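Below: one structure, written as structure tokens.
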Amino acid sequence: MAAEDDKDLIEIVENLNSIDVAKYMNFVSAPQAGAVATFSGTTRDTFDGKTVVELIYEAYIPMAIRCIKSVCSSARESWNLHSVAVAHRLGTVPVGGTSVFIAVSSVHRADALEACRYLIDEIKATVPIWKKEVYSNGEVWKENTEFLEKRSELGKKDVVADCSVKKSEIKEEKNL
């Protein structure tokens, strides 16, 4: 499922489809952009001394897209960005596979680099995408440390991300 504005491309890549990095790089490339910053999150082979076999991601797609859009809007308020592309996989991601890819273009590198870092940190902290790590000797659903930090921060401030879902989106999802 995808959401595309003129300057933002947000996609949730389902099933065993891989993330087409070139597609997102092409989307953000522009003659006026002097910088393109990217982040590629991949499945590593170990965690805390355990052998990782694969990761499994789940999400409520309309809400995940809405939250990613909100994070992209926040980034645009803080940095002068040309284009933003975000793709996140759902389902099984093997070791070495890309789970999330972010590409950001801007006139100057500082904006692109800072915004790219902000985007991945906020996506991990606020977007309802859940990760299960499957090990050679078991499995566990994981809470991101960014989420735990954000939850603690939100308890101290009156700040809430706008990731609410409209009834029409729920109805639309049921019809798919």
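Glycine is treated like the rest: Cβ placed from N, Cα and C.
Taken from TrEMBL as is:
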| type | residues | note |
| --- | --- | --- |
| BINDING | H108, R109, K124, K131, K132, E133 | substrate binding site |
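Within the same chain, residues at least six positions away from H108 (substrate binding site) with a Cβ under 8 Å of its Cβ are G34, A35, N80. For K132 (substrate binding site), the count of additional Cβ atoms within 10 Å of its Cβ stands at 14 [all protein chains shown]. Listed in sequence order, F47, V52, L55, E139, V140, K142 are the same-chain residues six or more apart from E133 (substrate binding site) with CB atoms under 8 A from its CB. The Cβ of R109 has fewer other Cβ atoms within 10 Å than any other of the binding-site residues R109, K124, K131.
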